[in-house]
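**Student:** Sharing a structure below in structure tokens format, with a few things to ask.
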Amino acid sequence: MRASPARRRQHQPVYVVDDDDDDDDDDDLEVVIIEDTRSPRRRRQTSSSSASSASRPSRRKRSKVRAATIDLTVESDEDGTKPKANHVNGLADGVSDQILRQLSCPICLDPIKELSSSTCGHVFCHTCIREAVRIHHRCPSCQRKLNLRDIHRIYL
């Protein structure tokens, strides 16, 4: 039996990004991605079929590489300025109070006071969940094991 030939390492695709800091003009940003389109290698033939392989040329075909160009320019407004990002405004106090009134604690069944969450994602009153975890060491909703370190306050 013949020993298997050493396997050649498969080459991973090469990605080339041109990032010149010398270029002052930011309007013509361009990225070139090069993909390797080689087909998977075929297994070597056994010695019984090596006679037919002698008539083939010994050189292997070179792989074809294709390049793609992707335009990453930023569109500007009519006056030539770049659009500004929309800033997310924080919740108003009235909105956060409305959300808290809609939530009820599954332990005491009252509206949640001092919103807290466990690592499993369930929300409770801070004092209720601390007492439950201190005594039972489990989440009251899903029975996952918890420690006091696994309880986190949520500030809205």
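Glycine too: its Cβ is placed from the backbone N, Cα and C atoms.
Note that TrEMBL annotation is computational and uncurated.
Note that the coordinates shown come from a computational prediction; the quantities given were computed from them, not determined experimentally.
Dumping what TrEMBL says about this protein:
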type	residues	note
COMPBIAS	1-11	compositional bias 'Basic residues'
REGION	1-89	region 'Disordered'
COMPBIAS	17-30	compositional bias 'Acidic residues'
COMPBIAS	46-56	compositional bias 'Low complexity'
DOMAIN	105-143	domain 'RING-type'
**Student:** Determine which residues of the chain contact the domain 'RING-type' (105-143) at the Cβ level, with the cut-off under 8 Å and only residues 6 or more beyond its ends counted.
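**Tutor:** Answer is 150-156.
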**Student:** May I have the DSSP-based helix, strand and coil counts for the residues of the domain 'RING-type' (105-143)?
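**Tutor:** Split by secondary structure, the domain 'RING-type' (105-143) comes out as 11 helix, 9 strand, 19 coil.
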**Student:** Over the span of the domain 'RING-type' (105-143), how high is the average pLDDT in this prediction?
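**Tutor:** Summing pLDDT over the domain 'RING-type' (105-143) and dividing by its length gives 89.
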